[in-house]
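Visitor: The structure's right below; bear with me while I get my questions together.
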Amino acid sequence: MSLKLPEHVAIIMDGNGRWARQRGLPRVAGHYRGAEVAEDIIEYCIELGIKHLTLFAFSTENWNRPKEEVKALFELMENYIRSKREKLYSLGVRVRLIGRRDRLSRGLVNLMEELESDSKDFKNLFLNVAIDYGGRDDILRAVKKIMEVQPSKLDEETFSQFLDLSCSPDPDLLIRTAGEKRISNFLLWNLAYTELYFTDTLWPDFTREEFMKALEDYSRRKRKFGRVLDE
């Protein structure tokens, strides 16, 4: 039986801190290893023909973490963009930043906007990177933008166009690593009919083989979207 692949995969990359702690390393070491794993999964998605990938890199709640860790995370993001953007271009990856931009450093926003502009014509993979993102905040910002629309013209399709993920279809599959079984305020509107897959594997240990397990599990599911399917 051929594998039925999702068009859009979203991933909550959890477990970096636990991975580092288990090895007696600083938490930031887990984040650096996690970035390497993300890079490999990006390449694997292209090889498989998956067209959309959304990675949850930093939530609106992550500001509550220790200041030194937050600082190190943003330094990692900036360093990663500078060192990897040419590779992303060569792979044909179009990158989009989703989430709030007003609380990010000007340097990081400038880098991300350059990446968005330079990659806008690439089509091998549409990569959405969620930084300072929260599902409730996304919906609230959409409501503020849509208040000028006449109520009679407002429907689900129109509302979706005001959300951060408007340029990608809703995720078909959400993967969360590290054993937690919740969506943690991620893409609340967009996950309405998304298939959920949870694994105990920590994100820094997440391999192509683990990713394929999730895809195989997804392929066996029958998506109903509220309908009754014949058995």
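Backbone N, Cα and C define each Cβ position, glycine as well.
From Swiss-Prot, for reference:
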ACT_SITE  Asp14  active site
BINDING   Asp14, Glu195  Mg(2+) binding site
BINDING   15-19, Arg27, His31, 59-61, Trp63, Arg65, Arg176, 182-184  substrate binding site
ACT_SITE  Asn62  active site, proton acceptor
Visitor: Using all protein chains in view, find how many other C-beta atoms are within 10 Å of the C-beta of Trp19 (substrate binding site).
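Guide: Result for Trp19 (substrate binding site): 24 neighbouring Cβ atoms inside 10 Å.
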Visitor: Let me check the 10 A CB neighbour count of Thr60 (substrate binding site). How many other CB atoms are there?
Guide: 19
Visitor: Neighbour count, 10 Å Cβ-Cβ cut-off, for His31 (substrate binding site): what number do you get?
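Guide: Step by step: centre on the Cβ of His31 (substrate binding site), count other Cβ atoms within 10 Å, giving 24.
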Visitor: Using C-alpha atoms only, work out the spacing between Glu195 (Mg(2+) binding site) and Arg176 (substrate binding site) and round it to an integer in Å.
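Guide: Roughly 11 Å, rounded to the nearest whole number.
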Visitor: Return the residue, from the listed recorded positions Asp14, Glu195, with the maximum count of other C-beta atoms within 10 angstroms of its C-beta.
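Guide: Per the Cβ count, the most surrounded site is Asp14.
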Visitor: Using a Cβ cut-off under 8 Å and a sequence separation of 6 or more, which residues in the same chain sit near Gly15 (substrate binding site)?
Guide: Gly30, Thr177, Ala178, Gly179, Thr201, Leu202, Trp203, Pro204, Asp205
Visitor: State the count of C-beta atoms found within 10 angstroms of the C-beta of the residue listed as 'active site, proton acceptor', not counting that atom itself.
Guide: 16
